[in-house]
Structures are given as C-alpha cells and as structure tokens.
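Q: My structure is below; once you've seen it, I'll send some questions.
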Amino acid sequence: MAEAMDLGKDPNGPTHSSTLFVREDGSSMSFYVRPSPAKRRLSTLILHGGGTVCRVQEPGAVLLAQPGEALAEASGDFISTQYILDCVERNERLELEAYRLGSASAADTGSEAKPGALAEGAAEPEPQRLAGRIAFTDADDVAILTYVKENARSPSSVTGNALWKAMEKSSLTQHSWQSLKDRYLKHLRGQEHKYLLGDAPVSPSSQKLKRKAEEDPEAADSGEPQNKRTPDLPEEEYVKEEIQENEEAVKKMLVEATREFEEVVVDESPPDFEIHITMCDDDPPTPEEDSETQPDEEEEEEEEEKVSQPEVGAAIKIIRQLMEKFNLDLSTVTQAFLKNSGELEATSAFLASGQRADGYPIWSRQDDIDLQKDDEDTREALVKKFGAQNVARRIEFRKK
C-alpha cells in the first residue's frame, strides 16, 4: 500500500530516479514553484529527478502551486504541487493535465487513479490516498499538541497562521499548515489531558503581553477577526493580512524583543530604545564627539517621546517585507535589526548570509553593557572589534 512520503526524515537523500523529470529527448523539465513553506522540499525532489527550477515564470516551464490558492486556480495555468509528490512516490512521470488546478480538482483526480498507471499499462490498481488529504493519526495529534505547547507565544498564536506554517516547514507531519490549524482548533484544543499533556504554556514574554492586554482590552486580540480569513489567499497575502489584523500585537512584540535583547545589570531600569531602521546614508558622530555632547535628562526624555504613526507603519512594512523575503518569523527579524543597530542593509545581509556585509560581527548584550562603561580601554576595544563608525552608529541607535 502506498504510504504518504515522509519528506522530513531524509530530505537530503531522495531515492527516486535521477532522470524522473528528464524527457525522452534528453531535455530537463523546467518547473516554477510559487513561494511556500514547501518550496525548498519540492525543489530538492525536482533537482534530484533531473529537472530544473526557475526563479521566475519562464516560457515552457511547468507552473506549480498548492491546491486552494485562488489566484492559481483562477488562472488555470498552474499544476498542483501534488504532481511532484505523486511522481516521486511512484517513481514515474505522470500526466500533467490530470493535476491542473482550476477546471478539475487535483485532489479528486488523485483519488480516482494515478494518471500514469494507464500509460504504463498497469493492470493492478493500488489503493490510493486522497491527494493532500491524509488521515490524522494519534502520533500526528501528539505532535501538534506538543508543538503548540513548546512554540505558542500566546493564546492568540494558535488562531493565526505563522505558527502553523512553521510547523509545516518543520515536517513533523505530512499535513498542510491549513489542515494542522483546523485539526487543532476543531478537535484538539483543550484536549491535552487526554494525551497526558499539560496545557499549552505561554513564554515569559507572552505572559507580559497577556497582562498588558488584560489592562488594555482594546489592544487585546479577540481572535474573532481572524475567522474572516479564507484559505484561498496566497501565502504573501496571508502574511500581510495577519500583520494588519495584529498591528498592536506587532508593536508590543517589538518592545518586548528590545527588552529581552538588552539585559539590565543595574537596579534602576534605563529607558528602552525603539527600533529605528536606517539606510546608513549620513555619517554619525564619532565616539569622541558623542562623549563630549551628552544630552541632559530633560532632552533625553523629549527624544524618547512616542514614535509617530507613519514611522511605526514604515517600520512594520519593512519588517514584513523581510519576513516574506527570508520566510522568517517576526521575532527573528526583529532580533536581527537589534543586533545590527537598526541598519536595513546590514540586517538584510545578515539574514541572507549569517554575517554583515562589512565583515564586522553583530552586537551582543555584553557589547552593549561594555558600551555603557565610562572606560577608555573598553571603548577602544569596541572600536577595534566593530570599527569606529559602527560604534558611533550603535551609540546613536541606543539613544533612539
């Protein structure tokens, strides 16, 4: 009996034929995969089978999209991503048209018979699973509950999309993130005791957010507006809609991330610094100039007034774009900005390659603590480590 492929167990070692996606004339089939959590896994399978993957839609390329994407189904030009999985599972190249989205459901087609079986003259039909519809097992349920318990940042996380997309990407199960979310909300939420699991915990940062939400009910997430989402939106629109609906939560998480990044080692709490995203166009003052022109407490308080709404909106827009570009969550992108002094170019390079473009290291909590010390030797060590310009930028960033 054909079982669902477990792509998570051995993603680097597919066993299907290396010519699976090579035509009879020796040319490789070309595929374009719409951005999704499954894109990397699909690309691995395609490349191992001798196919090629396009960065953009090219003439002659097979356009792949996940079932349920409204734009893809409306155009009629896309083939279900299930085509790749079924080809690999059977280790044979199947009929493309049987998986075309729009005119006929790929899921329904997959449930009738594998297209390709007739082409090969197979006389013995196999029991087939519904494409994209795999029954949930007890192991799947435990995996879902455990993942929520360990990764849910707040009660509202389970009604959003980011948590479930991350779980799908982790390949703990073979279900889509929409199915995982639906399974938890309709069947598993509140049933942890049946699986000998405790209630889903909330991280310390989330507990702070929850307390603030209780004090300010208008800023709290009710969860009800998220029911307005439709599963037909492509992933890019999911991310935009989720952040628009939770704008207040995004602002609070930025503040929380800042506080977590900077460990206070004195009794009195210094004022938190906001995230200011800069393009690094103007030259900041040198550390020497900065030490000679320290603003008094009243000036600092004036500078630390609330950021204007347009500035908040611009910051959220930039962070959202980086989340989509690198397929990362809000916390990861925010921490990257904090470690790179809010510099957009440096943060983008760090997210792409794991290091700054100028070759200098990123800032740590200990570095920030050292930066506050009135010690010439310590300051010189920081200048040697990060460069005078980066030290000056860090000082300016912390002032904001």
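Just so it is clear, glycine is given a Cβ too, placed from its N, Cα and C backbone atoms.
A quick note: this is a predicted structure, and the numbers were derived from the prediction, not measured.
Here Swiss-Prot flags 112-125 as compositional bias 'Low complexity'. Sequence annotations record features per position, and here Swiss-Prot assigns compositional bias 'Acidic residues' to 280-305. Taken from Swiss-Prot, the feature SUMO2 cross-link applies to Lys114, Lys194, Lys208, Lys212, Lys240, Lys373, supported by similarity to another entry. The N-acetylalanine annotation in Swiss-Prot covers Ala2 and is backed by similarity to another entry.
How about a rundown of where these features are and what they're close to?
A: Listed in sequence order, there are no same-chain residues at least 6 apart in sequence whose CB falls under 8 Å from the CB of Lys194 (SUMO2 cross-link).
Mapped onto three states, the DSSP output places Lys373 (SUMO2 cross-link) in coil.
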Q: In sequence order, which same-chain residues at least six apart have a C-beta under 8 angstroms from Lys373 (SUMO2 cross-link)?
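A: Sequence-distant Cβ neighbours: Arg379.
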